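Some features that Swiss-Prot has for this protein:
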- Q87, G105, E106, G107, K108, T109, D516: ATP binding site (BINDING)
- 867-912: region 'Disordered' (REGION)
- C906, C908, C917, H918: Zn(2+) binding site (BINDING)
Amino acid sequence: MASNFLTKLFGSRNDRLLKQYRKTVARINAMEPEYEKLSDDALRAKTVEFQGRVARGESLDDLLPEAFAVGREASKRVMKMRHFDVQLLGGMALHHGKISEMRTGEGKTLTATLPVYLNALGGKGVHVVTVNDYLANRDARWMGRLYNFLGLTVGINLPQMPREEKQAAYAADITYGTNNEYGFDYLRDNMVYEARDRVQRALNFAIVDEVDSILIDEARTPLIISGQAEDHTAMYIAMNKVVPLLVRQEGEADPRTGEGVTKPGDFTIDEKSHQVFLTEQGHETAERVLAAQGLIPEGASLYDPSHITLMHHLYAALRANHLYHRDQHYVVQNGEIVIVDEFTGRLMSGRRWSEGLHQAVEAKEGVEIQAENQTLASITFQNYFRLYSKLSGMTGTADTEAYEFQEIYGLETVVIPPNRPSKRDDQLDRVYKTTREKYEAAIQDIRECHERGQPVLVGTTSIENSEIIDDLLNKAGLPHQVLNAKQHAREADIVAQAGRAGMITIATNMAGRGTDIVLGGNIEKEVAAIEDDESLDEATKQARIAALREQWAADNEKVKALGGLRIIATERHESRRIDNQLRGRSGRQGDPGSSRFYLSLDDSLMRIFAGERVRAIMERLKMPDGEAIEAGIVTRSIESAQRKVEARNFDIRKQLLEYDDVANDQRKVIYQQRNEILDAADLSGVIAGMRESCLTDIVRQYVPEESVEEQWDLAGLEKALADEWQIRLPLQQEVESAQAITDGEILEKVVAAGNAAFQAKVDMVGPENFHQFQRAVLLQSFDSNWRDHLSALDYLRQGIHLRGYAQKQPKQEYKREAFELFRQLIDQVKNEVTRILLTVQVQSPSELDQAAEALESRAEQIANVTYTAPTETGEPETLPDPRTAGAGGDGLNLPEGVRIGRNDPCPCGSGKKYKQCHGKLA
């Protein structure tokens with residue numbers, strides 16, 4: 001009560017904002033006469049003047065009145081459209097990073113041109129986000145004329161585009177595209193192996209059209225890129241045959257004397273750390289056996305750069321055969337390996353070991369080796385759009401979700417008044433007892449409208465409902481057209497004509513969004529066809545266009561006299577916003593119109609939330625069959641039911657976000673590190689830091705910090721350094737010969753020895769040549785471990801709710817365990833990279849180049865890449881890879897199963913390497 005009184009006294013926050021904006025509108029209007037006098041060239045020159053002022057430090061806020069005035073004047077000349085004052089208000093809200101709620105037909109597309117123009121002056125790029133490719137293409141071409149006139153460049157970002165075209169689209173001042181494509185490009189940019197292959201710039205400013213659809217309806221499902229890593233089935237089988245030929249060593253050798261081995265062998269097992277290590281004899285045996293099998297050339301070393309992956313497979317096979325035992329660590333069930341939880345003894349169906357171990361166990365047991373389908377990258381729309389420095393959006397219906405926009409995105413909603421007050425008559429809902437009665441009443445209403453020539457739009461909540469009404473109208477002999485939100489371009493044409501006299505159009509709620517329904521029909525296509533007809537002279541063109549417009553004006557008046565567009569809906573959507581969108585398609589720009597919802601007690605929303613209450617009212621009133629109840633109390637109880645559903649859906653989205661925020665913080669760290677690696681000219685500092693950290697960890701296992709000599713296990717340390725890192729250091733001798741030595745000095749000696757061993761490899765081929773190899777090793781390790789980490793987070797997320805039964809907070813437990821998993825990921829990358837760089841045997845620069853290429857190519861050879869994105873209802877939908885990973889998705893017609901190496905000559909005959917030619921498109 002008190003808040004209502006204060007609002008009346010001081011005005012709402014919305015009123016105060018609009019009052020502030022109207023002062024600026026007055027300034028813009030005052031400039032109009034001055035700008036009307038400018039020539040086209042002088043008006044265009046204003047852009048260069050503004051860009052100079054921004055470069056010198058003037059803020060965009062200060063430029064706003066002049067830039068908006070220039071944008072409006074240019075629109076009058078190029079588009080033959082003048083921005084209304086309310087469109088200026090909407091544009092200001094967008095520039096200030098708010099959501100602009102403008103009713104359908106108020107010209108949102110034109111409104112956006114002003115803040116887009118203003119923000120593009122900064123040179124950092126503006127992204128306009130639409131719900132489908134058709135609208136992105138249409139708006140970019142339509143509004144692009146205005147931007148080009150003002151000297152700005154426009155790009156369209158579509159799927160299937162080659163990389164160079166995408167880069168050009170993002171480099172433009174203004175880029176149009178869909179939410180899915182922007183998100184997928186961001187993920188793909190964080191999977192590239194060369195900085196020059198990235199397509200996006202820094203994310204500066206985005207205006208999201210139909211912001212409620214994108215940031216709310218589609219926010220329940222994340223964008224996911226998944227695929228199968230390169231198929232190594234043959235390699236796992238081959239390695240499984242090598243393992244029985246290697247013999248386990250019994251007893252541990254003293255690094256100084258070599259004594260202690262009771263039976264020499266090829267590998268040792270460390271039960272404590274669950275690891276297997278090859279002995280020197282084992283390396284020789286393995287090399288001999290692998291050469292005999294044709295897996296490596298005669299006389300080659302396992303530590304050659306080109307054989308790094310062989311070591312990985314050999315160790316996986318050794319661990320599978322000697323550390324993982326059937327019916328203890330796993331069981332074989334229906335031809336699959338199922339992991340056994342070591343703590344509970346339960347079977348963990350669906351989970352797989354990483355690092356190739358699962359495939360190695362499959363090879364050991366002789367079951368089918370499954371190429372693992374992994375999540376390669378994923379992000380939710382909430383987290384993607386929060387990466388922009390400034391975000392804003394526009395829609396016809398945001399006010400019902402204003403709380404969510406503020407809570408999740410920090411976006412305030414500003415309700416912009418219509419240019420002309422609405423004359424639409426929103427009639428009370430009619431509720432029937434049964435579905436049959438509801439449909440009969442709706443068809444009767446449609447028939448009456450059709451007989452008098454009034455156009456009707458029938459809105460449905462699903463394709464299934466559309467088909468029911470389609471069938472009923474066919475039986476009633478009423479001509480109509482059906483739209484089901486699939487062919488966006490055809491949709492727009494049908495929706496544009498839905499306002500013609502006598503038209504009946506059935507549409508699902510989402511179909512044809514972004515296209516206005518003009519009373520009397522839309523004649524712009526016919527006008528454009530006449531203008532493009534080269535066989536007609538100018539006078540004939542003008543005469544025909546004038547006749548068309550005259551006919552349209554008569555049709556328009558006729559439809560207005562009949563009551564405008566009639567909206568008939570046969571079900572309430574679970575969101576009030578979607579119902580309001582449907583209503584908003586009628587009564588645009590002050591046109592007449594009407595809407596009515598026909599409901600039954602059998603409708604799912606009524607049945608679940610409001611049915612009992614309304615049924616009780618009907619029974620109390622003793623309503624006969626076929627009679628409807630039409631009362632404010634019923635409509636209010638339905639809206640209250642919708643509010644309950646909206647609140648539940650908000651909680652689902654909020655919970656998804658709370659869990660994804662954990663992964664998001666980690667994603668930012670990984671992607672930032674990845675980008676730094678890609679851009680760095682010198683990685684020696686990063687590598688040195690990793691090496692020092694690894695060697696410190698290993699030293700501290702055997703020589704604890706601030707410990708005395710009696711607590712040291714120098715023999716164990718020497719062995720670990722030699723086995724795992726190939727650092728041979730006579731620490732025991734040095735300690736015995738030294739007067740006094742501290743644990744810190746031991747650590748210094750080990751780090752110095754590691755640095756020297758590493759530097760010797762760099763000196764052999766030169767820092768330049770070693771840089772590319774280091775970078776490939778780092779990126780490959782980051783990527784493969786990040787993929788495994790995403791799978792681990794998925795598994796953790798699936799079972800975390802069970803912690804609630806143990807009186808623990810699932811979200812807190814998830815955060816804690818996800819952090820621990822992330823710490824393990826960083827340690828794993830550190831150890832993996834350091835081990836490879838310390839143990840690799842370098843012979844020549846060319847060999848190192850080949851190894852780097854092989855690593856990059858292995859990382860990029862991911863088969864069956866699929867893209868999962870939300871549909872317009874928020875349900876997940878799997879899309880094929882628009883680029884088709886590997887050869888064949890690049891315009892080359894290759895026989896099935898043929899793959900081209902990155903360094904092979906391109907089959908197109910250009911003479912270039914495949915990676916520099918058609919491989920770029922793959």
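Glycine is no exception: its Cβ is also placed from the backbone N, Cα and C atoms.
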By the 10 Å Cβ-neighbour count, the most surrounded of the binding-site residues E106, D516 is E106
Please report the three-state DSSP label of G107 (ATP binding site). coil
Can you give the largest Cα to Cα distance in Å, as a whole number, for the residues Q87, G105, E106, G107, K108, T109, D516 that bind ATP in the record? 16
What count of other C-beta atoms do you get within 10 angstroms of the C-beta of K108 (ATP binding site), across all chains shown? 23
Enumerate the residues of the same chain, Q87, G105, E106, G107, K108, T109, D516 excluded, that satisfy the criterion Cβ within 8 A of the mean position of the Cβ atoms of the recorded ATP site; list them in sequence order. M102, T104, L110, T111
Which three-state DSSP class does Q87 (ATP binding site) fall into? helix
May I ask which residues of the same chain, at least 6 positions away in sequence, place their Cβ under 8 angstroms from the Cβ of Q87 (ATP binding site)? M102, E106, G107, L110, T111, L114, N419
With the fewest other Cβ atoms within 10 Å, the residue among the binding-site residues G105, G107 is G107
Relative to the Cβ position of T109 (ATP binding site), how many further Cβ atoms are located within 10 Å? 17
